[in-house]
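K.L.:
Sequence annotations record features per position, and here TrEMBL assigns heme c 1 binding site to CYS70, CYS73, HIS74. The annotation domain 'Cytochrome c' is assigned in TrEMBL to 200-322. Annotation source TrEMBL lists heme c 2 binding site at CYS213, CYS216, HIS217.
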Amino acid sequence: MFPVKFLSLLALPFLMVEDFNTTPLYFNVPIGFPETKYNFKENPLSAEVYNLGKKLFHDPILSRNNTISCTSCHTQEMSFAHVDHNLSHGIEDKFGKRNAPALINLAWMDQFMWDGRINDIHVLSVSPINDSVEMDESLDNIKKKLKASDYYLSLFREAYGDEQITNARILRSLSQYLLMLVSANSKYDRVQRGTEQFTEDEQKGYEIFKANCSSCHTEPLFTTNRFENNGLPVDKNLKDYGVYQVTQKKEDRFKFKIPTLRNISYTYPYMHDGRFESLQEVIEFYNTQKNKNASFQNKALKSLNLQKEDISRLIQFLNTLNDKEFTRNEFFGSR
């Protein structure tokens, strides 16, 4: 595991009032999915804590000048990704160094961010909150703002039994919201359940995918959640060395997290730095691997050598991974 860069005190118990009852919120593992990495038995969900987390996620109160919310970079219509910029766009028009990834199926992850520097979903939100080019705020300041709001005091009372606002409660609420962002009703899923069928070209694209892409983008999550060198030449302006910046191990240079391909049509631009605007560009890069970086050592990721017709079929299959219902589900919305 890569080291967590945040204080362990942020993962303290969330201190719910003793004998306080909330409404259970049940997490259902979709058909065909593996068991989650997150332990829901030790950390049960509640509707009230989830609702508080949802409100916080959509509220710019988490940023220093109250202009940037989590949804500024993670928009539901785009599978909780960021499509209008290749790099994350934060406070006062500042830009980060990486593309904002889709926030889906996080319950199956135990390492987060492109470089894996966080291994606890309960502290995941600290990174964008504290980052000077994202929200540039502190939890202490957020607590002051929340305590000045009668609306939030009532939400904390409903969720935890009293009006005490703590770091742990804020972060636990946000994590419960994130854990419920499950996408599992694409055409691909319905085909696997036997309620729909692929077209002929989609089926051929599926066979191409299984032969060329599935070692890294493994079904049904369409990621192994591992970290690999993706072969991209280094952007001289960003100078991003991936996992190496966390571990300082030479073998981790240019390794980045393998992203899920679920909802792939909604989450452009692609790669850790958003350099590719379309799936066509991504596939063409891996089809020939021209201009790959000199340190690329992944023998499993060989040139695809696909013909144009096969590329078209592969894209048609990838489009079956889109879950339109997820992007419109009011349960995840701001209301």
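Using the three backbone atoms N, Cα and C, a Cβ is placed for every residue, glycine included.
Note: TrEMBL annotation is automatic and uncurated.
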K.L.:
What is the interatomic distance between the Cα atoms of HIS217 (heme c 2 binding site) and HIS74 (heme c 1 binding site), given in whole Å?
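P.N.:
That separation, Cα to Cα, works out to 22 Å.
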K.L.:
Long-range same-chain neighbours of CYS213 (heme c 2 binding site), Cβ under 8 Å, sequence gap at least 6?
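P.N.:
Expected: LEU261, LEU314.
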K.L.:
Where does CYS70 (heme c 1 binding site) sit in DSSP terms: helix, strand, or coil?
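P.N.:
The three-state answer is helix.
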K.L.:
Please list, for the domain 'Cytochrome c' (200-322), how many residues fall into helix, strand and coil according to DSSP.
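P.N.:
Helix (H, G, I), strand (E, B), coil: 45 helix, 9 strand, 69 coil.
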K.L.:
On the 0 to 100 pLDDT scale, where does the domain 'Cytochrome c' (200-322) sit on average?
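P.N.:
A mean pLDDT of 92 is what the model gives the domain 'Cytochrome c' (200-322).
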K.L.:
Which of CYS70, CYS73, CYS216 has the fewest nearby Cβ atoms, counting only those within 10 Å, among these binding-site residues?
P.N.:
CYS216
K.L.:
When you measure from the Cβ of HIS74 (heme c 1 binding site), which residues in the chain that are at least 6 apart have a Cβ under 8 Å away?
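P.N.:
Those within reach of HIS74 (heme c 1 binding site), by Cβ under 8 Å and sequence separation of 6 or more, are PHE80, ALA81, HIS82, ALA100, ALA102, LEU103.
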K.L.:
Using the centroid of the Cβ atoms of CYS213, CYS216, HIS217 as reference, list every other same-chain residue with Cβ within 8 Å of it (recorded heme c 2 site), in sequence order.
P.N.:
PHE209, ASN212, SER214, SER215, THR218, PHE222, THR223, ILE258, LEU261
K.L.:
Could you measure between CYS216 (heme c 2 binding site) and CYS73 (heme c 1 binding site) for me? Cα positions, answer in whole angstrom.
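P.N.:
Answer for this pair: 26 Å between alpha carbons.
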K.L.:
Once the chains shown are all counted, how many other Cβ atoms turn up within 10 Å of the Cβ of HIS217 (heme c 2 binding site)?
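P.N.:
HIS217 (heme c 2 binding site): 20 neighbouring Cβ atoms within 10 Å.
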K.L.:
Which residues, in sequence order, are found in the same chain with Cβ within 8 Å of the centroid defined by the Cβ atoms of CYS70, CYS73, HIS74 at the heme c 1 site, excluding those residues themselves?
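P.N.:
Counting only non-site residues, the set is PHE57, SER69, THR71, SER72, THR75, PHE80, HIS82, ALA100, LEU103, PRO128.
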